[in-house]
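Here's what TrEMBL has on this protein:
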| type | residues | note |
| --- | --- | --- |
| DOMAIN | 108-244 | domain 'Peptidase S54 rhomboid' |
| TRANSMEM | 34-53 | transmembrane segment |
| TRANSMEM | 117-138 | transmembrane segment |
| TRANSMEM | 150-168 | transmembrane segment |
| TRANSMEM | 174-195 | transmembrane segment |
| TRANSMEM | 202-221 | transmembrane segment |
| TRANSMEM | 227-245 | transmembrane segment |
| TRANSMEM | 272-294 | transmembrane segment |
Amino acid sequence: MASGDLERGTKNRGNNSNIPSYYVETAEKRWTSWIIPMFVAVNIAVFIVVMYVNDCPKKTRGLEGSCVAKFLHRFSFQPLKENPLFGPSSDTLEKMGALERNKVVHGHQGWRLVSCIWLHAGVIHVLTNVLSLIFIGIRLEQEFGFVRVGIIYLVSGFGGSILSALFIQQNISVGASGALFGLLGAMLSELLTNWTIYANKIAALFTLVIIIAINLAVGLLPHVDNFAHIGGFISGFLLGFVLLLRPQFGWAENRHSPADARVKSKHKAYQYVFLLAAAVLLIVGFTLGLVTLFKGKSGSDHCSWCHYLNCVPTSRWKCQN
């Protein structure tokens, strides 16, 4: 992933004596990160509540298999054959708000499109997402503030839920992965729309694309909701063009200069084009997705091969269940 050094590096702008030779973002405000730590705390707190409600010793009494880590009493985990991620049962997750298509479409429980973002299947799942959120989110919040990053996180999670519900018919889905992929998508579009102010831009782009590709490839494994990843990524990618614009080079330094020495515009024309196109695609995409979902239609009806984006069958596993 592109590091802070790549993002805040210098850039040679030629020999124009009216413009500094190197661009350093010292004039930009550095925000104190608080919404990302809050999201981390909420994810952990919700998982603890879910495990309390799950109460494995009581609900698995007399059944095959035994709870894991029994010393945790009602916080102990389901048998590993049932949940290898050290977490609750699927019944508990469904009760607490997991994404389940039939309940959303036919049970009028659209709130599950949001509640599922805060649920996790197990300790491994929640720790992976929390660490990723800290690593990705805090840097973005320090650069762009809590409002924009908070919007990207929540809207991307919602977008991931919509795409997941359109394509996954039988299984439940939980997790903040769609929201996390939204932050990755926003990082990529932020790099593209602010291309002219970056140093080492090719290295930053290559690193970020490789990280995104690896994470999407992991989503092709069974039991991973890659549709949530893809939906979150696309939502965050488009939101990045809308919310994460930076002024073009020299604007901040020269806005108080004499009129004949000023940079003409705060943003370049292509940034406005990206912003407008992304805003239109976001509105159209969310509208079509929600209308299609609540009409009870499946995304697979219009894309017969899209199921391969979620799982690729091999000799070692099948993708039906």
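Every residue gets a Cβ built from N, Cα and C, even glycine.
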Which of 117-138, 174-195, 202-221, 227-245 contacts the transmembrane segment (150-168) most, counting Cβ pairs under 8 Å: 227-245
Intrachain residues whose Cβ lies under 8 Å of the transmembrane segment (174-195), provided they are six or more past its termini: 1-2, 39, 43, 93, 98-99, 116-121, 125, 129, 132-133, 136-137, 140, 149, 152-157, 159-161, 164, 201, 204-205, 208-209, 211-212, 215, 225, 228-241, 243-246, 270-271, 274-275, 278
Helix, strand and coil counts within the domain 'Peptidase S54 rhomboid' (108-244) (DSSP): 107 helix, 1 strand, 29 coil
